[in-house]
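What follows is one structure encoded as structure tokens, with my remarks underneath.
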Amino acid sequence: MAVNAKNWQELKKPNALEKKASGNGKCKATFVAEPLERGFGLTLGNALRRVLLSSLQGAAITAIKIENVLHEFSSLNGVREDVTDIVLNIKQVAIKMQGDGSRRLHISRTGPGVVTAGDIAVSGDIEVMNPELVICHLDQGAVFNAELTVDTGKGYVAAVANRPADAPIGLIPVDALYSPVRQVAYKVENARVGQELDYDKLLLTIETDGTISPEDAIAYSARILQDQLQLFVHFDDGLAPPTSAIGQSSLPSSSSEAENSANQLNRNLLKKVDELELSVRSANCLKNDNIIYIGDLVQKTEAEMLRTPNFGRKSLNEIKEVLSGMGLRLGMEIPGWPPENIEEMAKKLEQEY
């Protein structure tokens, strides 16, 4: 099949993704992408918004069991809120959990005082992101003991689906909002390219619950779309050809052109990042992050690079431009990297040049 690369190469693409912090910079940010072809602002904005709200993984409380409470329409002596209000408050607890599977957390407080999310006893791989959240108020002598069930998932799961078949008496299932993204809004404005205004500018505002940064949220959503759309591409566009292992092409050996392209790709991976002629700032950031070979670099995602100390968008764009000139990009998957004899292979490559 003759591939007409002009179908995508001649479309206007954003030069960079600009971030504008708004409100709480850790949880809320606006991203600006321009210029885009007319109509692409709406297409990308709507697709990203839907994925952000529905498909990102997170953790949430799925059930609660309170001592001396049989059902959610009960009340507790010395507790100002009834159980229904307590459950509503607990649903707002933002939990960050590293592992998978269901966990049990506990709260134990004696009045007088305020029970907050910070009173939840957590293990090392679990963190409560909004410890100041008020759960209930206790009067003098009141006792509040509760067990919380935490699980991981995506999207929204109704309380009825969180009730196990062997649920004990007193277990109250809770609506679980696993999504770490709380709000997404986008708008499309006109963008100027030269004297032309017939282009789109996409402004995407993302607010999270603090368990994930807005940058990571948009990166994950874009990766999900990329993964879903890959099925529809039935041809090789001539960019970095896939490799089954370092030094081995997964394309048919009958094509000498494909073999040469794959060999050149693998040669580039074995080069050291010092050979990229980057700015001093970018080079130092890579050195401090222990990135030695180009093969190490291309496996990093943009989000991972931006988490590197002193590494900003300017350095990111510089590296992306250099890698693009070599037919490489960030976020590549390279099976078998690093090879066991990487130093020997790199030394042999240097001798050839």
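Including glycine, each Cβ sits where the backbone N, Cα and C put it.
Worth saying up front: this structure is predicted, and the values here are computed from it rather than measured.
Listed features, source Swiss-Prot:
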COMPBIAS  248-263  compositional bias 'Low complexity'
REGION    1-236  region 'Alpha N-terminal domain (alpha-NTD)'
REGION    244-263  region 'Disordered'
REGION    260-353  region 'Alpha C-terminal domain (alpha-CTD)'
Taken over the region 'Alpha C-terminal domain (alpha-CTD)' (260-353), the model's mean pLDDT: 81
Counts by DSSP class (helix H/G/I, strand E/B, coil) across the region 'Alpha C-terminal domain (alpha-CTD)' (260-353): 58 helix, 2 strand, 34 coil
